[in-house]
Amino acid sequence: MVTSSASSLILFCLTVSLLLLLLPLPSHCADPDPLLDLCVANLTASTSSSNFPCKLPSEVTADDFVFDGLSKQGNVTNLFGVAVTTGNVLSFPGLNTLGLSMNRVDFGPGGINPPHSHPRASEIGIVIEGKILSGIVTTKNVYYGKVVTAGQVFAVPRGLVHFELNLGQTKAFFFTAFNSHLPGSTVLPLSLFAAAPSIPMEVLTKTYLVDEDAINAMKSKFVF
């Protein structure tokens, strides 16, 4: 005869087992695992929830698995003095379903990669040239910053706001890698002051505790 305490224990174990089955598996926290040897992106087709449809095998070539875009220095003559060259699935179709991508980030003297976040990936970077201040801010508003130089590696947890600032008087650059073939990027100043349609003025003035003139002055800097 099963006692009441034993029945409760069995019910508890069954409930926990069911919850574990329903919870997302760790491997699904970033891009889903591929089910094929390769799935080169057909960029002319619409995406599914996570991936582009695959090219037909007869259309796949060796060039789909090679990308030379990161070998070229970016143009840093812009507002922030930075150039981000992306090596994600949109420019490198062979990355489709692989769950990885890379960027090259070039800086002019004093250039900044302004506060931004990557909603779909964690990041690891290695400085090739220059002296970079790498900073992150947690969801509890704790700031961590460190100066990194050539050969040093830095990491950024998924989704956290972070930035990089060239502290030198010469150009600098680093390479960074992500655990997503399309990590995305939300650049805070552009999202707030260059959104289209614009964020309502009242939202911005109340958020920053300034008047409309101050907001308009900020917006004028982001007219491209």
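Our numbering is plain: 1 for the first residue shown, then up by one each step along the chain.
Here the Cβ of each residue, glycine as well, is placed from N, Cα and C on the backbone.
In TrEMBL this protein carries:
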{"type": "SIGNAL", "residues": "1-29", "note": "signal peptide"}
{"type": "DISULFID", "residues": "CYS39-CYS54", "note": "disulfide bond"}
{"type": "DOMAIN", "residues": "68-216", "note": "domain 'Cupin type-1'"}
{"type": "BINDING", "residues": "ASN103, ASN113, HIS118, GLU123", "note": "oxalate binding site"}
{"type": "BINDING", "residues": "HIS116, HIS118, GLU123, HIS162", "note": "Mn(2+) binding site"}
List, in sequence order, those recorded positions among CYS39, CYS54, HIS162 whose Cα sits within 10 Å of the Cα of HIS118 (oxalate binding site).
HIS162
Same-chain residues at least 6 apart in sequence with Cβ under 8 Å of the Cβ of ASN113 (oxalate binding site), in sequence order, are PHE80, VAL82, VAL84, VAL105, PHE107, PHE163, GLU164, LEU165
Can you break down the domain 'Cupin type-1' (68-216) into helix, strand and coil residue counts using DSSP?
25 helix, 59 strand, 65 coil
When neighbour density is defined as the number of other C-beta atoms within 10 angstroms of a residue's C-beta, which of the binding-site residues HIS116, HIS118 has the lowest density?
HIS116
